[in-house]
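The following block contains the structure, expressed as structure tokens.
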């Protein structure tokens, strides 16, 4: 898939106020400072579509971007940032939960994980929540240019082992990416394109919204 247009639509903290367009949505979420904004800019070919920051926890709202006029990329706040107040964490958790559990247009979530680190408890717990809530998701491992292929394979194997230990029958589909070197971009966009084709083929509600 080629990205021809990418347009910021709206930011808000209430899932009920998200765009009414019945278009497929792909939500991106991960721990703070995982490289989410850089990844979004990389796959959309827009350097400043999502604002990048060295400060973890910068994204604090649900951000909708309309891509090619027929699907939404949704940028969600990061989880697990210790310096955010308990009250703010609670607010984040509530509207993220509301979005995931009530947003009919959500087709797939992408959970971003920094591949430089070994399996993190908070990522395993978040993916367990997604699985228990029956929310379809894939994993995107970021910053693959920062470590060797051997370490990448080792860290992915560690995540697979942890997920099996948490009663997963299999590991969700995953993508290995690097925003600085555009690694994984084509694979990720091809996946979204294939899912979109299935969505439009099997759901007239989505098709009629284009």
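Residue 1 is the first one shown; counting continues down the chain.
Placement of Cβ uses the backbone N, Cα and C atoms for every residue, glycine included.
In case it's useful when we look at the structure, here is the feature table from Swiss-Prot:
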DOMAIN    22-198  domain 'EngB-type G'
BINDING   30-37, 57-61, 75-78, 142-145, 177-179  GTP binding site
BINDING   37, 59  Mg(2+) binding site
So, three-state DSSP: helix, strand or coil for residue 77 (GTP binding site)?
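SS state of residue 77 (GTP binding site) = coil.
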Could you find out if DSSP has residue 177 (GTP binding site) as helix, strand or coil?
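It is coil.
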On a simple 10 Å Cβ count over all chains shown, which one of the binding-site residues 36, 143 is most densely packed?
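Max Cβ neighbours within 10 Å, all protein chains included: 36.
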Taking the Cβ of residue 177 (GTP binding site) as the centre, count every other Cβ atom within 10 Å, in any protein chain shown.
25
Using the alpha carbons only, what distance in Å do you get between residue 61 (GTP binding site) and residue 37 (Mg(2+) binding site) once rounded?
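Cα-Cα distance, residue 61 (GTP binding site) to residue 37 (Mg(2+) binding site): 13 Å.
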Cα of residue 77 (GTP binding site) to Cα of residue 37 (Mg(2+) binding site): how many Å, rounded?
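Between the Cα atoms of residue 77 (GTP binding site) and residue 37 (Mg(2+) binding site), the distance comes to 11 Å.
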I want to check the contact list for residue 30 (GTP binding site): same chain, sequence separation of six or more, C-beta distance under 8 angstroms. What comes out?
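36, 78, 79, 111, 112, 113, 114, 123, 140, 142 - these are the non-local Cβ neighbours of residue 30 (GTP binding site), listed in sequence order.
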Please work out the mean pLDDT for the residues of the domain 'EngB-type G' (22-198).
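Its mean pLDDT is 89.
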